[in-house]
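> The following feature annotations were taken from TrEMBL:
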DOMAIN    13-259  domain 'Glycoside hydrolase family 65 N-terminal'
DOMAIN    314-679  domain 'Glycoside hydrolase family 65 central catalytic'
BINDING   TRP349, ASP350, LYS590, GLN591  substrate binding site
ACT_SITE  GLU478  active site, proton donor
Amino acid sequence: MSYGSINTWKLIEKEYKPEKALLYDSLFSLGNGYMGSRGFHPEENKESYEAMVFIAGVYDYIKAGITDFVNTPNIFYINLYIDGQLLNPFECNIIDYDRELDMKNGVLYRKLTVRDSKERDTVIEYSRFFSLKEKHLAVTRYKVTPLNYSGEITVLNGIDAASSNNPIPDDQLKSDSEVVSLFDVTSINHYKKNSVSIGFNTKGTNIHMSEALCVVSPEGGVEHDSISLAKIVGIKSTKKVLKGSSIELDTYSAIYTSRDGIADIEKASKEMIADASLRGYRRVLRDSEEEWSLKWDISSIDIKGDDLLEQGLRYNIFQLISSNSQHDGTVSIGARGLTHSRYKGCYFWDTEIFMLPFYIYTCPEAAKNLLMFRYNTLKAAEENARNQNLSGARYPWMCNTDGIEQCETWDIGFSEVHITADIAYAIENYYNITGDIEFYLDYGAEILIQTARYWASRFTYDLRNDLYNMLFVKGPNEYGGVTLNNTYTTLLALYNLELGKKAIEMLKSNRRSKWIDMKSEMGFEESEINLWNDIITKAKVNYDEAKNLYIEDDNFYKLEVLDISAYKKGEEPLYKTICFDRLQRYRVIKQADVILLMCLLPDKFSKLEMKAAWDEYESITLHDSSLSYGTHAQFAAWLDYKEEAYSYLMKSIRLDIDNIMNNTGKEGIHFAAAGASWQAFIFGICGIYIRDHTLLAKPCLPDHIKDVQFKLIYNDRKYEIKIDNSHKPLKTNISTVD
Ligand code: BGC
């Protein structure tokens, strides 16, 4: 659907600007959860680490114990030759250029008209997609039309095994000049004139990958030859093409890894491309399109009166779907999804706090598998706690599939402990919205109990004052230093203790024998609950009753006031101007902290407390993390601050499309911001909430939005929500659909 000049289902690039190439590489990223790639042009002369193709869960060591997200061989490599001469379209005069991401069906389409140094004009069309139906399959179509000449056209469709990684240090200011290759080629098999397969092994983690590729010309008349050229393995396809006619080639690539639990992955990849090529491009695309249309049926948000908002929201949703491995509980979603290896491709609290609600309400199975990932890494979290001389389970700040801490900076890795309570919060949230009691009892409860035990050991008892302190802790505000009694962490930890108690009661009444076994396996003593109760009643919480204000931490008012306007330039993070260490002693906030806590547990705070928090914190929050705008939008909407809500919402929703933080090209798509945007719109602007097991809405819609329509799944039922803002007072209708 298109309103005005924007096609809200598409992202369109009309002019090729080399300085914007990285930005569009990020924006045009595609994926199907199992694998994904950036939107680079197939013929571009990229650095070996820039043409990124990722497979969820494939990591390899870059140093002892520390991994990077492996940039796997580039399956989209193309060289174009005219009369035997290589033609790089980006070194020609580009006469016409059009690139479009169609979010409706997940296809990236490009049409180029170029004039080369011999004045030959050539049209080069290209499309690429990852099948949403067949997760191992990626397909491209390449069509070349000489406009003012006839000639012999050769296309090399290959797999570039020279791909490398350029690991980015955790310290955002350190340069990243190192280039490493993380896999070896183990086999090359030119088994047909139009088909090849290659085997790879990651060097340290020993993950085996098989990639097969075949090229088919739907119209025939093309000679194929399977070749290896240095590290490029592929198919050369040649045809004499008359002026005005074309050569058209479809490429089918299949990827399997030893993580798939299939005995013969080479056979599987060969069978996949043979089968797909028999069915043909259109049929394979139609199957994938059907999956996309099912996805959009439940997750599309239709908005009348604001195309920028509708397009931006769709883009965020498109990326959330593309980077989620819906059926796989052994992976989560990295901070940049499958669009970049920034943060070493690691999983953070970003998933549970910012992205998860989107999946809970639109695809509970995906949400469940994201939480299963935490269950599958519970043992690693227990070991982590033991290594820190603590009890229960302590989840790592950043990790890959094995759940082992990957954060290399002490102040964050050891102190930003709130992630453990964030995960417990997410389990309860999932259970409350889906009613999935089986998951809760079989998996969730154990996490809730082990994380509660962790918190009981993480608080420190102060004998003199008979209270419990949360010492040496960093809240979501990473500029807040390693501080004392961060309110966000303390209150979520206390909530986690409550959830641990509830989980025990639930197991006792629903799975008594499981609880008895679990108890003895964990060495759990019922008396531990006495300590939990003591902490719940005596933990130190910074609260100013006169002002109704929750204070961020013990040190907050000791910090020096900063004239932000003198230092902050636009949206650029302040750590680029003021060193991270110095920032810790200024009273500025990197990203939503107390305000986020209130968004997570709204029933625990009064309206007065929420207003007081906004007044105290909003003006000194720098939003130096992309996670912050969405939370502020949601909170502002709850406070009925319409203008602020809309302004924050747009920053969050268009963060990547408009490159607001100026790092989308270099770092990929911000997935937490995508999730926060969705929440800001649904829970903030549309005001969706649950009371007494009923889905309700209290919208705070800007006047220019006339009509909003979307669906949500709550408690196993699908609901359609319609908000009509064209008459005053606005009308909300929530009804069930089949
Ligand atoms: C933010 C964290 C976030 C991480 C990954 C950091 O800049 O401060 O809250 O988890 O980025 O997105």
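Cβ from N, Cα, C; glycine included.
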> Within 8 Å of the centroid of the Cβ atoms of TRP349, ASP350, LYS590, GLN591, which other residues of that chain place their own Cβ, given that this set defines the recorded substrate site?
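My list of surrounding residues reads PHE348, PHE354, PRO476, GLU478, SER625, LEU627, SER628, ALA672.
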> Does DSSP put ASP350 (substrate binding site) in a helix, in a strand, or in coil?
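ASP350 (substrate binding site) sits in a helix per DSSP.
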> Taking the residues TRP349, ASP350, LYS590, GLN591, which the record names as binding substrate, find the longest CA to CA distance and state it in Å to the nearest whole number.
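Max span of the substrate binding residues, Cα based, is 16 Å.
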> List the residues of the same chain that sit at least 6 positions away from ASP350 (substrate binding site) in sequence and have their Cβ under 8 Å from its Cβ, in sequence order, or write 'none'.
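Looking at Cβ-Cβ distances below 8 Å from ASP350 (substrate binding site), excluding near sequence neighbours, one finds ILE333, ALA335, LEU627, PHE671, ALA672, GLY675.
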> Measuring Cα to Cα, how many angstrom lie between TRP349 (substrate binding site) and GLU478 (active site, proton donor)?
14
> Round to a whole number and give the Cα-to-Cα distance in Å for the pair GLN591 (substrate binding site) and the residue listed as 'active site, proton donor'.
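Between the Cα atoms of GLN591 (substrate binding site) and the residue listed as 'active site, proton donor', the distance comes to 8 Å.
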> Run through the Cβ atoms and count how many others sit within 10 Å of the one on GLN591 (substrate binding site).
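Other Cβ atoms found within 10 Å: 23.
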> So what sits near LYS590 (substrate binding site) in its own chain, CB-to-CB under 8 Å and at least six residues off in sequence?
PRO476, ASN477, GLU478, TYR479, GLY480, LEU583, THR621, LEU622, ASP624, SER625, SER628
